[in-house]
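Now, the feature entries from TrEMBL:
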DOMAIN    A:36-109  domain 'Phosphoribosyl-AMP cyclohydrolase'
BINDING   A:83, A:85, A:87  Mg(2+) binding site
BINDING   A:84, A:100, A:107  Zn(2+) binding site
């Protein structure tokens, strides 16, 4: 297939990168807050679709994992959106707890200023 | 520096990947809609901070570009959020027009179903 098919068609033709990965952005399905960003290989995507819970591929650990498998803070996926060139996904999800391993609600808990980083209120 | 400094500190220590890139998610600063996902090298990030308009690095064209440089649909960046391990950014932005090169308001104009892709209403 070519780029045109990927952009305008109704076929799901995920474009995995050289490492076999898609980028996935997790967004709270009700509030719209972006909770985290991670990567998925084909298996993590298949497991996510099959179980309804977000699975990712860890580039550092080189293995698949289910979000919340140790913390219990799973992400129940309500909807998956696909971008124009099909190399990125949005997972609209209901989080069972903090999405970030630091305990923050979202991994994006700091804003960039001219002087460095500062906490985002309510993050 | 180590991971702990990256996570809890106030220093901006961006963790570029093997290709010298960060992942950037563009989110509408008022509606919260995710508009697009792209990559930034150090120069694109510096230009974005300097000009207030989103610049990215195209992996396919291997060059830096300013969003809207040909279409006019620039993204005025109002706030930049940084994630825990500092390899991903959210650009909260005001779009001057459709964010997607297809003319869609957002690149994420389709949802994944068991039968393939279907348009997102209002996308």
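First residue shown is number 1, and so on along the chain.
Any Cβ shown, glycine's included, is placed from N, Cα and C.
Curation plays no part in TrEMBL annotations; they are all automatic predictions.
What TrEMBL annotates, mapped onto the structure for a quick look.
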{"residue": "A:83", "record": "Mg(2+) binding site", "DSSP (3 states)": "coil"}
{"residue": "A:100", "record": "Zn(2+) binding site", "DSSP (3 states)": "coil"}
{"residue": "A:107", "record": "Zn(2+) binding site", "DSSP (3 states)": "coil"}
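When the neighbouring Cβ atoms lying within 10 Å are counted for each of the binding-site residues (A:84, A:100, A:107), the highest count belongs to A:107. Cβ neighbours within 10 Å of residue A:85 (Mg(2+) binding site), excluding its own Cβ and spanning all shown chains: 17.
Cβ neighbours of residue A:87 (Mg(2+) binding site) (same chain, under 8 Å, six or more residues apart in sequence): A:14, A:15, A:16, A:17, A:22, A:23. Reported as a whole number, the C-alpha separation between residue A:107 (Zn(2+) binding site) and residue A:83 (Mg(2+) binding site) equals 22 Å. The Cβ of residue A:83 (Mg(2+) binding site) lies under 8 Å from the Cβ of A:89, A:90, each of which sits 6+ residues away along the same chain.
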